[in-house]
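Student: Shown below is the structure under consideration.
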């Protein structure tokens with residue numbers, strides 16, 4: 001009865017606003033429901049289709065699609081004609097599903113309170129998986145079974161070119177075809193408990209979704225089955241049958257990525273370049289492409305290993321004999337030959353890993369991209385940094401696990417740790433590992449591909465540069481370039497077995513407490529620099545560190561941000577006549593430099609109090625940073641987290657003074673802070689607008705100051 005009341009309520013809401021009561025009130029409940037679905041379906045189809053066409057073909061003309069790729073008015077009217085003829089049949093399906101729900105034949109429920117919120121979301125996820133699976137196979141069979149394709153699905157596939165596909169093609173089906181593809185929504189009702197209104201919402205969202213995937217604009221949001229994938233389906237007829245995601249096509253081998261051909265062409269090109277210079281054509285051209293890729297990786301891996309290690313050994317052991325390493329610490333020829341022997345045995349397995357990663361990239365399973373024009377340069381570099389952070393984090397924990405799990409150490413990692421003294425370590429030891437050990441330590445490079453968009457060449461280069469890096473960190477020469485995990489740190493790892501697990505930097509070891517720094521005695525360069533600060537008291541050392549770090553943060557963040565918004569993005573964020581003069585910026589730098597010794601006194605004092613557990617009344621000049629210190633007495637906080645947040649102030653304050661309103665609610669962006677500088681009585685908050693909103697001092701930029709931009 002609850003379902004009948006609910007559907008009656010929906011009927012009344014929709015029909016009373018669209019038709020006179022005399023036309024629908026006397027109809028049976030089933031016909032009222034069908035009429036409501038029919039009218040709602042038409043409204044959704046026309047509104048979503050018209051608005052989307054207006055946006056991409058008129059407002060954004062030549063932005064998303066070139067003018068010659070826009071479908072003709074005749075093609076769109078034909079699509080509308082087909083859809084309107086079929087609409088009475090399409091909307092019969094949700095009407096029948098509601099009848100079955102009202103009769104209690106399904107597992108639908110009317111109130112979310114009948115399940116917990118957790119189970120509600122789990123049931124939605126399960127429902128969508130079943131729907132995706134059902135639509136995939138229904139769609140695929142409509143292609144594979146020839147009579148079904150000829151008499152039903154071919155109606156939709158007359159639109160098979162970019163300039164014939166439009167959002168209106170989303171519902172331009174034979175009526176039975178449209179019903180068959182929506183049937184999984186109804187079948188799922190008998191399997192999964194689903195909220196009634198949620199089911200109706202998802203069923204009608206189809207109209208909006210189908211409009212979206214026929215607009216020929218590839219959004220490239222993994223794993224969404226966007227229009228780029230669906231356009232391929234309309235042109236090849238045998239790929240990308242999925243509906244919401246690419247998972248079913250990936251699982252059942254029918255996926256074709258819009259960028260896939262770029263990857264295949266690119267890897268084929270690299271195979272040809274390398275192999276044609278190293279081997280006769282008759283040795284590699286008959287091989288399958290996967291084997292060609294592996295052979296290319298194997299040969300280049302060996303070249304990298306031998307050339308980089310040999311040149312490095314020649315330089316430090318012969319040309320610079322007794323300069324970097326005393327003669328009695330140079331590893332013996334026997335030790336180096338043994339390392340080469342182990343590395344050469346493992347090389348076929350090491351190079352299998354990049355080959356598999358390229359295979360996954362070609363299949364579209366990763367977030368790799370092949371052309372730099374998919375992102376701006378800023379995002380490209382940001383993604384590379386994020387990729388390297390993930391790789392560093394992963395390699396640290398894999399390496400630590402290879403030590404902490406005794407079984408793995410005994411059977412895998414011990415092969416590499418045979419070389420545990422300075423006179424047994426050489427650049428050739430970099431690859432002298434058990435094959436599985438080497439693969440495990442390189443795995444984070446591939447895992448990162450599924451998390452971060454990264455350019456194919458960048459990934460391949462970083463993977464092979466890892467080979468050169470491993471030769472470098474086994475030469476026993478401590479470069480002392482902070483925060484790089486140089487050979488000085490790695491030599492300690494080989495002698496203590498429990499420190500310095502990181503690969504490229506010392507950051508992970510520092511964060512997780514496994515860092516051991518090479519002693520001053522081991523590094524004369526460090527000793528020469530140390531005499532400037534080591535005699536100072538601990539408090540002054542801390543202040544000096546904060547002062548130098550504060551200046552670096554201030555200048556680097558300020559300079560990079562100014563370079564980006566005033567030079568690279570000139571006239572994009574701020575018109576040229578609004579850019580502050582050089583004189584104004586130099587004056588700001590002058591004021592900041594004079595105050596920097598005092599600013600950095602506060603974190604020094606806060607560290608002093610943390611070390612001694614003392615309370616201290618802060619100075620007037622640093623009042624705005626005082627809450628960071630007061631919070632230490634109230635909330636338990638990690639020391640490094642506190643210091644990081646305190647120094648991130650430097651970057652944040654640079655950001656909120658650039659006059660660019662990011663408009664990311666509820667962040668107190670530069671738009672709000674610019675108002676503070678002009679009115680003096682609004683927007684006192686720091687990170688968010690919540691306090692100003694609560695205490696009545698909020699003034700929104702878009703409310704008055706940016707009226708024209710808002711329009």
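Please read every residue number as a count from 1 along the shown chain.
Every residue, even glycine, has its Cβ placed from backbone N, Cα and C.
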Student: Out of 514-540, 595-621, 622-648, which range is noted as transmembrane segment by TrEMBL?
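Tutor: It is 622-648 that TrEMBL annotates as transmembrane segment.
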Student: Tell me which range among 38-58, 59-79 TrEMBL lists as transmembrane segment.
Tutor: 38-58
Student: For the domain 'Fatty acid hydroxylase' (385-514), give the DSSP counts of helix residues, strand residues and coil residues.
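Tutor: Taking each residue of the domain 'Fatty acid hydroxylase' (385-514) in turn, the totals are 86 helix, 3 strand, 41 coil.
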Student: Which whole number is the mean pLDDT over the domain 'Fatty acid hydroxylase' (125-254)?
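Tutor: Residues in the domain 'Fatty acid hydroxylase' (125-254) carry a mean pLDDT of 85 in this prediction.
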Student: Can you tell me how the residues of the domain 'Fatty acid hydroxylase' (125-254) break down into helix, strand and coil by DSSP?
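Tutor: Final tally across the stretch: 86 helix, 3 strand, 41 coil.
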